[in-house]
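Chemist: Below you'll find the structure I mean.
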Amino acid sequence: MQPKNDLDFSPQDVNVVNPKQARKAVVATGIGNAMEWFDFGLYAYLAVILSQLFFSGVHNSGLQLVLTFGTFAAAFLVRPIGGIFFGRIGDKYGRKIVLSTTIILMALSTLFIALLPTYEQIGIWAPILLLVARMVQGFSTGGEYSGAMVYIAESSPDKKRGILGSGLEIGTLSGYIAASVIVTVLTVVLTDEQMLSWGWRIPFLIAAPIGLVGLYLRRHLDESPIFQEMEKAQEDSEEDEQFSFIDILKYHKKDFLLSTVIVAFFNITNYMILSYIPSYLTQVLKVKETTGLIIISITMALMIPLALYFGKLSDKVGNKRVVQLGLLGLTVCSIPAFLLIGNGHIAAIFIGIFILGFFLSVYEGTLPSLLPSLFFTDVRYRALSISFNISVSIFGGTTPLVCSYLVHATGNALAPAFYLTGVSVIGLLVFSLLFITTSGRALKGSYPTVETKKEAHEIAKQDPEEALWWHEESLEIEAERQS
């Protein structure tokens, strides 16, 4: 329930959720996340083939590949627009309607790519239509991941928000692994001519049934209990005013900045491992593409249980301590990890990548539950969508380009390691100074969420200032708005 202005509350005000429903929410939302990273992996792995099929009018293989990745990058430009659009709908009409819409758009746009004619068949329209499909994907992704984080956080008991939120990242890792496995199998089974002719379409076609399953599961979800209670409170008070984007920046600037910084160090690490390092292995170290793919895939598979572990650990010891572990680890270990990767031996390469993957799994396990806890219920979807997608577009999407430029400009293959170290140091300072642990606490703007009515009665007896720890901040925001 959306709290009143005073701190008094009863057991009836406490949100009681069924853990089974929370786990169901993780599965339903995780499928959309899996689709996003499945498509990401496909486009990266099939980039050379796509460049030949859709940019064959350009008679330079290097430029073909640049244009292909340029089309890929275009999706990042529209993500903030999608975040603003879907975030506003999600805060006004509910989380469920957005999640059902985004998975439809993601599935249809990926299916559209599978059915696209090539440059030889329709000329310049082929790359144009590919660009349109990628931009639709980016637009829908702008509301997908942040919405999934919000929905799971609002559907989970406060004391299990970390472990349930980490389940969302199983989708990320599974989607990427599935893409690598499918592309590897097709590459082995089919000839180069068959892959160019029709084989490349098969992985994209798989997106359609995945999307249908995800849509079915999402349509059978209930709206998040915290959003339902906010709606009821607004009906009772006859208030329906929404914060504008300017208001969010004005009254929630600290949390918006913190969210942007957190997403930056998370995604710089993420895209460095998933985007930059694979190309570094093949182009600089001359490692076979299949070998590099296997190393990355094994690392991703090992990260799944690690992410779940760190999510559970954050529920026990607090998410601030766990995230600080990841930041401190990358501050100390980024350079040694890249030294191992640069060694050139397969075992050393694997150990180096796994070190980076280990600390990335700290973020994977904690941040899906941490980020939604930064904002109040009435602005949570918009504030998180906008800050997340702006940060991903500026920092995450540019990571491979920045790393390549740094190596080229300095002539030092360790330049990306220094970049990651610097980002981690800045992240550690900002995070340590601005973030207050939220593990086991009520989400901002709502009463505590528990599993049983017994817990509801127990928590109602506790100090209300601790149970509604965010109350003073809400009064400060309200006073600032009235002034």
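Cβ from N, Cα, C; glycine included.
Annotations in TrEMBL come from automatic prediction, not curation.
Here TrEMBL flags 25-440 as domain 'Major facilitator superfamily (MFS) profile'. Per TrEMBL, transmembrane segment is recorded for 40-59, 65-85, 97-116, 163-186, 198-217, 256-278, 290-310, 322-341, 347-371, 383-407, 413-436.
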Chemist: Quickly jot the same-chain residues contacting the transmembrane segment (322-341) by Cβ under 8 Å, restricted to those at least six beyond its ends, or write none.
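Modeler: Distant Cβ neighbours of the transmembrane segment (322-341) are 262, 265, 269, 277, 280-281, 285, 310, 313-314, 348-349, 351-353, 355-356, 358-360, 362-363, 365-367, 370, 413-414, 416-418, 420-421, 424-425, 427-428, 431-432, 435.
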Chemist: Under 8 Å, at least three CB pairs between the transmembrane segment (65-85) and the transmembrane segment (383-407) (pairs 6 or more apart)?
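Modeler: Yes, since the transmembrane segment (65-85) and the transmembrane segment (383-407) share at least 3 Cβ pairs closer than 8 Å, they count as touching.
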Chemist: Counting only residues 6+ away from its ends, which parts of the chain sit with a Cβ under 8 Å from the transmembrane segment (256-278)?
Modeler: 40-41, 44, 176, 248-249, 292-293, 296, 299, 323, 327, 330, 341, 353, 356-357, 359-360, 363, 367, 370-371, 374-375, 383-384, 386-388, 390-392, 394-397, 399-400, 403-404, 416, 419-420, 423-424, 426-427, 430-431, 434-435
Chemist: Run the contact check on the transmembrane segment (347-371) against the transmembrane segment (163-186): 3 or more C-beta pairs under 8 Å, excluding pairs closer than 6 in sequence.
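Modeler: Contact between the transmembrane segment (347-371) and the transmembrane segment (163-186): present.
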Chemist: Quick check for me: are there 3+ Cβ pairs below 8 Å between the transmembrane segment (163-186) and the transmembrane segment (413-436), leaving out pairs under 6 residues apart?
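Modeler: No, since the transmembrane segment (163-186) and the transmembrane segment (413-436) share fewer than 3 Cβ pairs closer than 8 Å, they do not count as touching.
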Chemist: Give the nonlocal contacts of the transmembrane segment (413-436) in its own chain as ranges (CB under 8 Å, at least six residues past its ends).
Modeler: 254, 257-258, 261-262, 264-265, 268-269, 272, 276, 280, 284, 320, 323-324, 327-328, 330-331, 334-335, 337-339, 342, 402-403, 406-407
Chemist: Give residue numbers and ranges for long-range contacts of the transmembrane segment (97-116): same chain, 6 or more residues beyond its ends, CB-CB under 8 A.
Modeler: 28-29, 31-32, 35-36, 39, 54, 86, 89-90, 126, 129-130, 133-134, 136-137, 139-141, 143-144, 147-148, 151, 201-202, 204-205, 207-208, 210-212, 214-215, 218-219, 221, 381
Chemist: For the domain 'Major facilitator superfamily (MFS) profile' (25-440), what is the mean per-residue pLDDT, to the nearest integer?
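Modeler: Overall, the domain 'Major facilitator superfamily (MFS) profile' (25-440) comes to a mean pLDDT of 88.
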